[in-house]
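Features as listed in Swiss-Prot:
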- 88: active site (ACT_SITE)
- 91: active site (ACT_SITE)
- 114: active site (ACT_SITE)
């Protein structure tokens, strides 16, 4: 079994059991954002977390074991994404990436925002013109060092 197959199985079982990502996050004991990333193959679960979600989704032992192996992170295809929702994030970075970079450098200096020491919160924001998606990302600033 490959890690991609585990992800497919998780999605299938989630649908079959009519569970939400938030419900599965409760089983794992982490945020819905981190837990969803983990179940979609981008994070490593502890043994207890993998066994808990494995029980909830009736996953085979091989899948539970693979959930505990550090994944190849950022493993989406390198071509421009075709999924409309994912493409909007690509577009967002294409349009605002240089702005993010300029403002972060002006505020913090030369460095990067960590995606390792990182938090994200996704919520629905009611709006009379149509509900909005609110995503708050918080990453530790890591300055480049001189040597």
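Positions of Cβ are set from backbone N, Cα and C atoms, glycine also.
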Conformational class of residue 114 (active site) under the three-state DSSP mapping: strand
Rounded Cα-Cα span from residue 114 (active site) to residue 91 (active site), Å: 21
Distance, residue 114 (active site) to residue 88 (active site) (CA atoms, angstrom): 21
Around the Cβ of residue 88 (active site), the count of other Cβ atoms that are within 10 Å: 12
Local Cβ density at residue 114 (active site) - other Cβ atoms counted within 10 Å: 12
